[in-house]
């Protein structure tokens, strides 16, 4: 299997399966001298880990990360950083009945056709459990970006099924299990999820992620545009079926006079471009959003086939998130941070000595 590494200079390679012995990753390209501890990563891992509320999977994993290499006396050495998280709460017997079946709208069928074999336990490598290592790697990138460059990456849930948020209060994001920025919507989301869980069904969600303090100049046209790499990174997250940068698909209905982000000496008048112009950061906030599909692993019966092509009724009895979007905010933050870290290093390598006299504009 190829395709397990992301990035050009700041690279992240993950390994492991949902019900395997452990998950791991190798981070290469991190500059030396960054103060780094397991606690730096654990904070974000605790935000993502399962079993933290009644609205997520009840699989109980501590997700305790260990640093294996690349850190000496509390600082990065510039060598590969090895990380590992042991799996401790697998219940593989829950999946024995689907060992020879393909769940609808799942990776079972496509993995089987591609590799001729698959780990059916919890989805194996296709499970979102893999994203724990992305969050750990993203925490390293986030610390560097914030400490060295003043870049802050953060996200929130903006829609759960039919429920859309009306307010953006960053302080509120950390006060509820949904990462919801609108306190008035939390009880509605709780009631909706309680009813959904009783039905045995699932629902999708939308996550917004924002990076502030990004300097102008990051991005490598033509094929490695900043927004192209960001879309790639976000689209690689399990269950993501749509990505928007800035105004996204709303720009279809916008006229040019409305969509263009006019500039004044005091700053930009809008940010429909999402902080990226021509594939290069403009100095405005980088704004992206993702749409996550409802999980297909349900206890409600659905039509599928077995390995011989015979029709079967598929019922999934494992522990699953009724809304995968509830725990996706830290993952989206991590992937944006990894992209920005990679592009900062690439920009520094080629254009670090470029100086212009034009002032850097903010957003009014």
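Here the Cβ of each residue, glycine as well, is placed from N, Cα and C on the backbone.
Feature annotations, reproduced from Swiss-Prot:
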| type | residues | note |
| --- | --- | --- |
| BINDING | 48, 54 | NADP(+) binding site |
| BINDING | 125, 126, 127, 238, 239, 278, 293, 294, 295, 296, 297, 319 | FMN binding site |
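Locations of recorded Swiss-Prot features on the structure.
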residue	record	Cβ contacts under 8 Å, 6 or more apart
48	NADP(+) binding site	63, 131, 132, 135, 327, 330, 331
125	FMN binding site	1, 16, 17, 18, 111, 119
127	FMN binding site	17, 18, 238
239	FMN binding site	128, 292, 293, 295, 324, 325, 328
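Within 10 Å of the Cβ of residue 297 (FMN binding site) there are 27 other Cβ atoms, across all protein chains. Secondary structure at residue 125 (FMN binding site), taken from DSSP and collapsed to helix, strand or coil, is helix. There are 23 other Cβ atoms within 10 Å of the Cβ belonging to residue 295 (FMN binding site). The number of other Cβ atoms within 10 Å of the Cβ belonging to residue 293 (FMN binding site), over all protein chains shown, comes to 17.
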